[in-house]
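Asks: Have a look at this one before I ask anything.
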Amino acid sequence: MLFSSDFLYGVFPDATKQQEFTIAEVNTDSRKEAPDSLFVPIRGERFDAHGFIEQAVSQGAVASLWDRSLPIPEVASSIVLFLVDDTLEALQKLAKAHREAIDPIVVGITGSNGKTTTKDIVTSVLKEKYEVLATKGNLNNHIGLPLTVLSMQSSCEVLVLEMGMSNFGEIELLSHIAQPDYAIITNIGESHIEFLGSREGIAKAKSEITAGLAEDGVLIIDGDEPLLAFHHDNETTITCGFEEHNKQQLKIEQTLDAATAFTVNGENYTFSLLGAHNVRNAGYAIVLGKELGVSQQLIQHALHTPSMTGMRMEQLTGKNGSKIINDAYNASPTSMKAAIGTVQGLPFAKRILVLGDIYEIGAESKRYHRDIAEAITTDTTHVFTVGEDADEITDALKDTPITAIHFRDKDSLAVAVLPLLEQDTIVLLKASRGMKLESILDTIAVMEEN
């Protein structure tokens, strides 16, 4: 049980009738089987879910929020309708009330890149000591975050919430709903720069996470990022990064084939993900874990076997004994350069970069793509690109010894990669989500049989 009818009547006193019931799930999808659920009909650009109330009831809804400006449907005779001015705002109000009723420790995570990876590492670390609920999938917006909060059982001790946005004001709203005790800003990149205008604008938007931060709440930030320097004077801000001025200083000691050895203020850790950017993400989790009393031994155990979302520096076996780094879930200029730098530092004779378009970087897209070439050194042997703007990368490399080829489609690219795969070969896949670059894995990877 999530909550009782008494709780709902307390939040929304205007209802079509008084009736005792319990809610097991809050649901916005009328097609989903959801016994004992509260249905929340959301108005979208193309549809209004109020029209699907009968379907929701047939799937198990025992109550529903309802826009008071609409006629009461016939199905109301069998369920309770809670009348509200706006069902989306009511969903957010209910989430805030549920968060306050359960009162877990709340961790909010935002940033241009690394939100999901950091969320996964934080969750793995905190699960060593606590009962933890974390954002699933991409439920990190004004609808998804409230739904995550509203899936929280009374046994939850720590709630880890990823917060995404594409414009100003969105993180502020999420922060006020979540009321985090701890907030993490992973980094400032270029994602959504077409809406926010500049990296300065992005830093301002990400910093909105402090709007709902508890009065004595702790903010953990990328201390190497100058655009976040205005947070440094706050006594409860913990800076984490590679530069010496950070309160928590990171230092990479050794990069192995499948792991990274590093220190945090001199304490040794080994992490099963590659790349300096992932060491930074792990650093945030270590800092938070220590703040919440997780021992170094338990933190290290979590870092050895973290539960990670797929396609984030995911290590796969390629054909002919080659290795593939599937980092194709999403991309920004910053994250693409970081992934490239990681692969170029690994001990392989042949390094192949398979790169696709980066989306949502605005009118300067071609320049941003061309700038990617600056991160590519002669440690890389092949660069294969696909997409509308990714050819800027290969074009910028035409006068170098690197084999750089742009392809019209992913299938022909995959066919070109296949004969190059040998035991001393590593391949990086990196592009924005819309490219679905992982589709070439059917050709170049050893696929596990189910």
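First residue shown is number 1, and so on along the chain.
The backbone N, Cα and C atoms fix where each Cβ goes, glycine too.
Note that the structure is predicted; figures quoted are calculated from it, not measured.
The feature ATP binding site is assigned by TrEMBL to G111, S112, N113, G114, K115, T116, T117. The domain 'Mur ligase N-terminal catalytic' annotation in TrEMBL covers 23-98. Per TrEMBL, the feature domain 'Mur ligase central' maps to 109-288. For 311-433, the entry in TrEMBL reads domain 'Mur ligase C-terminal'.
What's the neighbourhood like for these features in this structure?
Replies: Annotation note: T116 (ATP binding site) sits in a helical segment as assigned by DSSP. Sequence-distant contacts of T116 (ATP binding site), defined as residues of its own chain at least six apart whose C-beta falls under 8 angstroms from its C-beta, comprise E162, T309, R312, Y329.
In this model, the domain 'Mur ligase central' (109-288) carries an average pLDDT of 96.
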Asks: Cβ-Cβ under 8 Å from S112 (ATP binding site), same chain, 6 or more residues apart: which ones?
Replies: T186, N187, I188, G189, E190, S191, H192, I202, K206, S332, T334, S335
Asks: Please identify, from the binding-site residues N113, T117, the residue with the sparsest Cβ neighbourhood, meaning fewest other Cβ atoms within 10 angstroms.
Replies: N113
Asks: So how many other Cβ atoms are close to K115 (ATP binding site), meaning within 10 Å of its Cβ?
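Replies: Result for K115 (ATP binding site): 24 other Cβ atoms within 10 Å.
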